[in-house]
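So the structure is just underneath, and the comments pick up after that.
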Amino acid sequence: SFTVKWHPTDIKYENRLDYVKTEQMFPHELEIHWLSILNSFVLVVLLTGFVVVILLRVLKADYARYTKSRETGDDTEDYGWKLIHGDVFRIPENITLWCAFIGIGTQFVVLFFVCLAMAFGEIITPTLPGGSVYTSVIILYSLTSSIAGFVSAWFFKQIGGGAWAWNIVQAATLFFIPMAIVAMFLNIIASVYGTTQALSLPTLILLFSIYMFIGFPLTVVGGIAGRNLSSEYQAPCRVNHFVRMIPPVPFYRQAPFQYLVAGFLPFSGIYIELHYLFNSVWGHLSYHLYGILFLVFIILLIVTSSITIALTYFQLSVENHHWWWRSFISGGSTAFFVGLYSIFFYVYRSKMSGFLQTVFYFGRMFSVCVTFFFMLGAVGALSSLFFVRRIYAKLD
């Protein structure tokens, strides 16, 4: 048996976790966070150093050979990425989908910064009840929907797409509808089990109405603005009428191996922080190091951008001009490793069991992984697009 003594306090409910924010409460954990930042920073330096120094030196040598071959009239020295200048800007298949993915991913990058800013301002805190968190996320997602519409329509108009209305609809629904289905399924399970995680029918109708009457219209408005403000797409090189055949390459230069490399390196830079985030969301810890989380997110974006650019160059150097979709999938492949870590955490780190906890855990982690895929995929694709335009703009 045991006894309990209640001590009255004047501290407000939302401020009762402030004591854990003092460094004296977690000196060892703070050291681990900073060691993780240092490890990630070293990774950034190495990758950006490779892209900026090594890659530029290779490109400089390539430009010199290209100029020499043009002066002598001998085109036999043309090889690698220079040889496919007539195909590299060929519009890929499913360009409407590609533009919508870019728009959705860009929205999530902005949304993450907005959420961090609100966490800094203690507008979003760990003490919020589940319903308030759902409402906050839906409102923020709806208010930033115009970004998805704008970016998607801007690129679609630039590339010369015609069905712009369908493009905007895709930007508004490709993420929301699947995630709404997942959320409804989880809520039905929670209602059957009678847990406090279940949202009432009026709350569900309210959340759905917020997006339909705020988020969707803002996506349309952003799409119209992006379409009207976009200029005509000017490719640095003229596209050939006939598609160039892609030569065979060894396995380590094929897409699956490239996706593994592109996903593993960014994941290695955020692994430690993911450990604490998972323990905070699914365990008993309280996470409040938003400054460190901001640094880790910036590092994640830089590493994703750098590794995708490097892999895109390697792809072009073997005369493979299908870089549009591969750069997006390469950037978003970090989501695959986040998914693997979520399985590892559930099996070896958490104490969750039973159908309810399992379904809730993997349902929500599926949503997180999809968000990572869109967000980092857009970062990788936009970085590669900028890089490809820059290197081919120097060719005559």
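Placed from the backbone N, Cα and C atoms, the Cβ positions cover glycine too.
Fair warning: this is a prediction, and the values are worked out from it, not measured in the lab.
Under the heading transmembrane segment, TrEMBL lists 32-59, 95-121, 133-156, 168-193, 205-225, 259-278, 290-316, 328-348, 360-388.
Touching of the transmembrane segment (259-278) and the transmembrane segment (95-121) is ruled out by the presence of fewer than three CB pairs under 8 A, sequence neighbours closer than 6 excluded. Remark: the transmembrane segment (205-225) contacts the transmembrane segment (133-156), by the rule of 3 or more CB pairs under 8 A. Beyond its flanks by at least six residues, the transmembrane segment (290-316) meets 33-34, 36-37, 40-41, 43-44, 47-48, 50-51, 55, 58, 80-81, 84, 88, 109, 112, 116, 119-120, 253, 258, 261-262, 265-266, 269-270, 273, 277, 322-323, 326-327, 330-331, 334, 376, 379-381, 383-384, 387-388, 391 of its own chain at Cβ-Cβ distances under 8 Å.
Only pairs six or more apart in sequence are counted, and the transmembrane segment (328-348) with the transmembrane segment (168-193) gives fewer than three Cβ pairs under 8 Å, not enough to call it a contact. Residues 265, 268-273, 276, 289, 292, 295-296, 299, 302-303, 306-307, 309-310, 313, 391 of the same chain lie 6 or more positions beyond the ends of the transmembrane segment (32-59) yet place their CB under 8 Å from a CB of it.
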